[in-house]
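Accompanying notes for the structure given below.
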Amino acid sequence: MYVDNASVPARKPVTVPGLRAMKAQGRKIVMLTAYDASFAHQLEAAGVDVALVGDSLGMVVQGHRSTLPVTLEHMVYHTAAVARGLHATLLVADLPFMADRDTGHTLEAAARLVGEAGAAAVKIEGAAPHILDAIAALTARAVPVCAHLGLTPQSVHKFGGFRIQGREQEAADRVLAEALAVQSAGADLLVLEGVPSALGERVTRAVQIPVVGIGAGPHCDGQVLVIYDMLGITPGRRPKFSKDFLAGRNSVAEAIAAFAEDVRNGAFPAPEHCFD
Ligand code: KIV
């Protein structure tokens with residue numbers, strides 16, 4: 001059986017400029033991860049705005065302890081599968097660990113994720129000088145870029161674990177400066193992960209590009225979760241910033257629809273999903 005979107009109500013495709021318009025209009029952006037065509041179809045059917053093929057697949061699909069073992073081949077394979085399940089939902093794919101080792105590699109990786117696999121944008125972690133160069137080089141070639149700041153999982157060893165970032169004033173100021181820097185370099189979208197809600201609000205107000213939070217409080221322009229976390233099927237303890245949307249519901253479709261509704265009406269994230 002193949003994934004057929006014929007039964008899904010037609011929607012206008014979500015675009016990168018469209019996401020910026022959503023920020024300007026105060027309409028929340030709904031984003032979820034997906035790793036295969038069937039889940040992509042579920043996102044499409046629920047009217048999710050953005051599907052992210054995250055390198056979190058290294059943890060929730062492949063069973064690793066971090067995202068670092070994920071390769072470009074893995075990302076291309078899963079991105080192509082997700083692309084086959086989508087129609088109007090915008091597709092963003094992660095650049096895996098070390099794809100940013102130099103700008104040439106970053107461009108080649110983006111060419112495969114966008115040109116071969118069908119992503120509309122690529123996500124890159126951090127704001128080091130070579131990352132800003134890579135964002136500028138991608139932007140110059142009309143590849144939309146989603147930046148990723150705060151608790152960037154590819155820096156897990158530097159951070160000494162998956163730790164909330166930006167709690168002290170100096171660290172918070174640094175995250176804000178990084179957000180302004182990735183925006184200046186040309187980023188179109190920013191995922192902000194694992195920071196206090198007050199910093200999430202500061203960053204969201206300071207930049208013109210949409211900020212999609214995960215554990216970054218309710219004031220971001222949108223919210224993203226790892227789909228297996230929000231279905232309650234990730235083994236082990238559920239992260240504080242996530243919620244089991246399948247609990248008390250009858251289907252994956254209902255759970256995704258509830259997430260989309262709660263993000264759009266501001267019910268998610270609630271205080272218990274946020275950090276001080
Ligand atoms: O890899 C991923 O799924 C991500 C999200 C957690 C934002 O980067």
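Using the three backbone atoms N, Cα and C, a Cβ is placed for every residue, glycine included.
Heads up, TrEMBL stuff is auto-annotated, nobody curated it.
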*Which of E73, E108, E116, E125 does TrEMBL put in the same Mg(2+) site as D55, D94?*
E125
*In the structure shown, with every protein chain counted, which of the binding-site residues D94, E125 has the densest set of Cβ atoms within 10 angstroms of its Cβ?*
D94
*Please report the DSSP secondary structure of D55 (3-methyl-2-oxobutanoate binding site), reduced to three states.*
coil
*Using Cβ-Cβ distances, find the residues under 8 Å from D55 (3-methyl-2-oxobutanoate binding site) that belong to the same chain and are at least 6 apart in sequence, listing them in sequence order.*
T67, V70, M75, D94, P96, F97, P153, Q154
*So around the Mg(2+) site, D55, D94, E125 aside, which residues have their CB within 8 A of the centroid of those CB atoms?*
G54, S56, T67, V70, L95, P96, F97, K123, I124, H148, P153, Q154
